[in-house]
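J.: Annotation source TrEMBL lists region 'Disordered' at 208-293, 317-365, 423-499, 521-550. Residues or ranges marked as compositional bias 'Gly residues' in TrEMBL: 227-236, 284-293, 317-333, 350-365, 426-453, 472-499, 521-534.
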Amino acid sequence: MLGATGTAIVATFAAGACYDFDGARQRCSDEGRCEPNVAACTPQPGTDWPDDTFADTDCDGVDGQADAGLFIDPVDGDDDAGTGTRQAPLRTVGRALAMVRGLDGGPGPSHLFLAGGAYDEAGLVLDVPVSLHGGYSGRGGGWRRSAEQVARFDAGSLGMTVRGLHDSGVVVEYVDIHAANATGAGEPSIALRTVDSTGLRLRHVTLAAGRGGPGSPGAVGASGTEGLPGGAGQDGGINNSDVGEGGYPAEANCPDGTQPNGGAGMIGNAGSRPGNDGEAGSPADGGAGGRGGDMADAACSGNQCICNPPPGAPGGAGVDGGTGASGEGGAGLGQVQDATWAPDPLQAGEAGGDGTSGHGGGGGGSGGSCYVPGVSVAGGGGSGAGGAGGCGGGGGGGGGGGGASISLLLAGSQVAVEQGSVLRTLGGGPGGEGGSGGPGGAGGPGGAGGVGGNVTRFRGTEPNILSYQTTGGHGGPGGPGGNGGPGGGGGGGGGGPSVGVWCGPGSGVVVTETGITFELGLGGPGGAGPGQTGSTGEQRQDVGCTAPNP
């Protein structure tokens, strides 16, 4: 009977065409109709959670419960036509999360099964209670699982955010999250950020932060205002009462409240008196006033007398202002603010001090006159006023702090980092350079002195008529104001820190002792002067972390 039946079966196949078993298997696989190979798989008791054995203990074709999750394949998936099954996977995690959010808290998938490959998804936020399980071979590989098939997320300077998951039991495993180098001034690079979340477990993950952004450069200090010129003295007259007025002093009001005014020029005197001494510039130790010209007697030869009194002395130059103090370099770790890292004021370099103002120039001495009794003589020239001092230059701004490089940042969160995980940072960003101090303003020039008068007069009777030629002394020029001092250079910003785990307020972390690797780059270099150089950023495994409360 058995032989007859066997003969009949053979005869049937011999009589018909060959059957395409391989094609049929492929079609049923594509359409999701294939039954599991029960001969090769024996279901085990308990729930088939995705684990490190990668075993399919419930014989549904995958490590894990196939009907409890969505499947994502960055190569063979399709966000438009895909439904999230093994046969019709989605292409992006973002689309899968959107589908779960659309359930509005109702029953739905609790796992995302990720095929190995590159996920270029910037700004990804995990805010629904679904676990991410990497390591799957994808649609083309039958969703077999191994440690080599890691899902890699490449994003911006913030790789991924977990937000608002409370006691969720969410697991992220066999996933690499890479944050790009930060480019903004003082911007951090953070691989994974968790905000207001508890119960999160990280297993077999690589959290790789890029380099922190460079600190901003300090501003160049403002240039000091130039001093105004002193007024010129007037020319002397032709008689005893007609003399040259002194020049009007230059005035100044600098931002630091000083008034480095020039000294006033003085009036030229009439006959038979010496010139007047010029006024000193301000403040108290400004340029000295010039001495007035002496009175002179006429020198006679024959019937001609000539008198040329000396000029007034120039006013003294104002002293230059001093250079502002150099700013100190920045040093600090930064802080967690608004659920992210931000530079703190200590990281910024100190601004340089303002330069001090120059002192005002002294007024010149007025010209002297002649002593000739009974004869009108020329008056002396008025002296020039001193120039105002230049205002000091502004201090250069301090450089900004460099950005942080942080593998894992916690803000109000409790997280466990478990075996097989790597926390990697490329390094903190460099501090910004301090700004140069502004140049001081140039001191104003002193005013020119007035020219003395020139008069010829006659006295006596023939044959003893004498001619008297008198010239008033020239007024002395005012002294130039001193130059304002340059501003001090700003200090360089502190380098950004390089940190494995940063715990903000209300956060804690458990890091298992076995199989966790820290690969931390160096803190960023401090910014250069011209003030003092900023401090090098710190390199730390953790900042502010304690174990979560039981």
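Just so it is clear, glycine is given a Cβ too, placed from its N, Cα and C backbone atoms.
TrEMBL entries are annotated by machine, without manual review.
The structure displayed is predicted, hence computed values, not measured ones.
Describe each of these features in terms of where it is and what it packs against.
T.: Counting only same-chain residues 6+ beyond the ends of the compositional bias 'Gly residues' (227-236), those with a CB under 8 A from a CB of the stretch are 242-252, 260, 262, 265-266, 268, 358, 360-361, 363-364, 366-367, 378-391, 441-453, 472-473, 475, 478, 481, 484.
Nonlocal intrachain contacts for the compositional bias 'Gly residues' (317-333), taken as residues 6+ away from its ends with a CB within less than 8 angstroms of a stretch CB, comprise 218, 221, 260, 262, 281, 285-287, 343-362, 386-387, 389-390, 392-393, 395-396, 398-401, 431, 434, 437, 440, 443, 479-494, 497, 526-527, 529-535, 538, 543.
Within the compositional bias 'Gly residues' (426-453), the DSSP-based counts of helix, strand and coil residues read 0 helix, 2 strand, 26 coil.
With helix defined as DSSP H, G or I and strand as E or B, the compositional bias 'Gly residues' (472-499) counts 0 helix, 2 strand, 26 coil.
Long-range contacts of the region 'Disordered' (521-550) within the same chain, counting only residues at least 6 positions beyond its ends with a Cβ under 8 Å from a Cβ of the stretch, are 198, 211-212, 215, 217, 326-331, 333, 347, 349-350, 352, 396, 398-399, 401-405, 410, 414-415, 425-434, 436-437, 488-504, 507-511.
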